[in-house]
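According to TrEMBL, the compositional bias 'Polar residues' annotation covers 203-213. Feature annotation from TrEMBL assigns domain 'DUF7151' to 29-74, 82-125, 185-226. Sequence annotations record features per position, and here TrEMBL assigns region 'Disordered' to 185-213.
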Amino acid sequence: MMRPVWMTLLVLTVGCDGIDLEQLVRQHNPLSRFEPEPSGENCEHGGRRTLTGLDLDDDGVLDDAEVSSTSYDCALAPPRVLVVTQTLPPGTPCPLGGQRFRAGLDVNGDGQLEDAEVTQEVVTCRDASTVVYRVSDLDSYPLACDEGTSLLEAGPDLDGDGALGDTERRAQAIVCAPASMVRVRPQPEPPGARCASGGTRLNVGTDTNGNGTLEDSEVATRTYVCLSENTFTGDYYLRDAVDLEVLRTLSRIQGSLNIQDTALAELVLPSLTAVEGPLYVGGNTALTRLEMDGLRFVGGDITVYANPELETLTLGGSTEQGALWVERDLSVQQNPRLASLDGLKNVRPRGNLSLFDNDSLTLPASWNLTELPGSLDVIGNAKLTRLPFRVLKQVGGSIAINENPALTELELTQLETVGNTLTLRQNGSLTNLSGLPVLRTIQEGFYVTDNDALVSTSGLGELNSVSWLSLADNDALTACDFPQLTAIHGRFDLTRNRALTHLGTFPALSSLPRLALSENDVLNDVSGLGNLRSMEELEVTGNPALKHLDGLSHLKSLTKLKVDSNPALERLGLGDLQEVRQTLGIVWNTALPTCLANTFADRVFIGTERDIRGNDDTATCATPVLPVGDIAAQGAWAPEGSTR
């Protein structure tokens with residue numbers, strides 16, 4: 001009797017709709033999802049995470065809200081790197097003895113490095129080079145002393161000639177005394193923080209009491225030449241953790257060191273003192289820290305490039321005694337997270353120095369670099385606000401400071417000479433050139449181009465000689481003063497400076513091979529060049545506000561003259577000009593009376609190519625008032641604005 005009643009109740013409950021028994025009994029499918037698990041609390045060495053649950057919305061995907069349980073499949077600890085060291089007696093391959101290093105991963109975890117596990121084997125030999133040194137007087141130094149300044153340089157006598165060669169330098173010290181009075185007392189330096197394998201300490205000072213001995217109380221400074229206990233001969237390629245453990249044992253590499261395309265995060269190598277060939281560090285995607293504070297010599301280039309996570313870079317010591325000598329170039333480029341170059345402040349390149357496209361580089365401390373034989377390039381560093389070369393005095397090659405949009409200060413405050421060109425281009429925050437107060441000579445061209453915020457060239461008060469001077473596309477430039485400039489050996493170009501109304505002052509400049517004034521929108525006064533007496537070529541083109549050239553009133557001779565497309569030009573001026581020897585072109589100056597142009601040309605032109613056209617043909621020129629009967633004067637001279 002109960003069953004019919006239940007069925008009746010069911011019918012009454014569902015009404016007239018059909019009954020879907022499948023929905024009554026259906027269950028949701030279970031799903032799983034697998035994800036990598038990073039190293040951390042759940043898995044020390046990483047692994048795989050498994051998430052499970054029911055597909056409640058039946059879409060075939062396990063959503064986060066559907067996860068009911070999580071389990072972990074953790075990776076085992078990676079095998080340890082083992083290094084086995086064998087001492088080699090004097091003989092072959094090391095005349096003075098050495099060591100053999102065998103390294104590899106302990107794959108089977110037994111704590112023993114078996115032959116099948118060895119992936120790296122190197123032999124290092126002990127050096128027996130004696131330490132040699134030299135002392136020389138310094139004519140100039142940023143911290144020069146009243147009584148004279150001397151430089152001590154020291155290093156191992158690698159070639160055995162008894163003298164210190166440039167490529168043997170490993171240490172230096174500055175002493176306030178003439179070189180003839182400096183005394184040096186070498187003594188052994190035990191292994192420790194200064195020299196991992198020991199070395200030689202050089203005590204430097206003067207024998208103030210005259211007893212013939214440099215006593216401890218007379219020592220003014222100390223420097224250290226570290227022993228190369230483990231010298232590896234050949235090029236060393238760092239690829240993985242095994243290679244790194246072996247590299248940590250080396251003190252000198254007679255070849256190159258290549259650290260490229262590794263997955264290593266940190267490289268700290270305090271024992272490495274010398275790399276006789278180049279040093280390459282590039283394409284290391286996980287590298288955040290590179291420190292070689294014991295490094296004192298690199299025989300080739302140093303290139304640190306395209307390390308996207310690199311934040312700490314130290315090459316050489318933290319004091320001048322720990323200087324790193326680089327026989328060729330230093331290049332640091334495309335390291336987007338590198339914010340500081342303070343760890344390079346004692347690097348001494350003998351070639352070029354390049355800082356390219358380091359996007360986070362901001363406010364570096366001053367480097368202890370006084371002379372650079374090669375060129376200096378600082379280009380494309382987006383956040384760099386000032387330069388770190390505040391004691392740099394001489395650059396043998398070119399300087400290019402380009403495309404640094406945040407740069408506000410040059411701070412080349414002791415720079416005196418540039419051996420080739422100096423280029424300042426596209427530094428959008430640079431307002432003046434006050435960071436060059438003692439610059440005297442630029443052997444080749446000086447190019448100041450496309451610096452949007454540059455208002456003035458003030459700060460170049462000592463510049464007296466340059467081969468080519470070009471100021472172009474500086475939209476905010478209103479003044480260009482060069483008060484001590486006595487010689488431009490090639491050409492002076494002033495082009496497309498939209499806010500420049502006048503030339504400023506050039507009181508010491510009396511002659512010039514070529515002057516080009518082109519497309520300066522508001523230029524109306526050229527009197528700053530009023531002391532010019534002679535010039536080879538003068539080109540005045542496309543200056544819409546320029547009405548005359550009266551400011552060049554003392555100019556007496558030209559080889560070529562071109563005055564083209566200056567729509568406001570009403571007269572030429574140039575009252576003292578006596579001759580134009582080769583070519584003369586006065587064209588398309590629509591406010592300049594043609595008769596004035598012809599009169600001017602008749603007076604001064606003695607060449608063969610004369611072009612006068614496109615000027616104001618409708619204007620008339622007044623006849624000069626001359627004394628009665630002064631026929632000779634009328635035939636010999638006709639001022640601008642008159643007709644013959």
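From the backbone N, Cα and C atoms, a Cβ is placed for every residue, glycine too.
TrEMBL: automatically predicted annotations, no manual curation.
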Quickly jot the same-chain residues contacting the domain 'DUF7151' (82-125) by Cβ under 8 Å, restricted to those at least six beyond its ends, or write none.
229-233, 236, 241-243, 245-246, 249-251
Helix, strand and coil totals (DSSP H, G, I; E, B; other) for the region 'Disordered' (185-213):
0 helix, 13 strand, 16 coil
Of the residues in the domain 'DUF7151' (29-74), how many are helix, strand and coil by DSSP?
3 helix, 24 strand, 19 coil
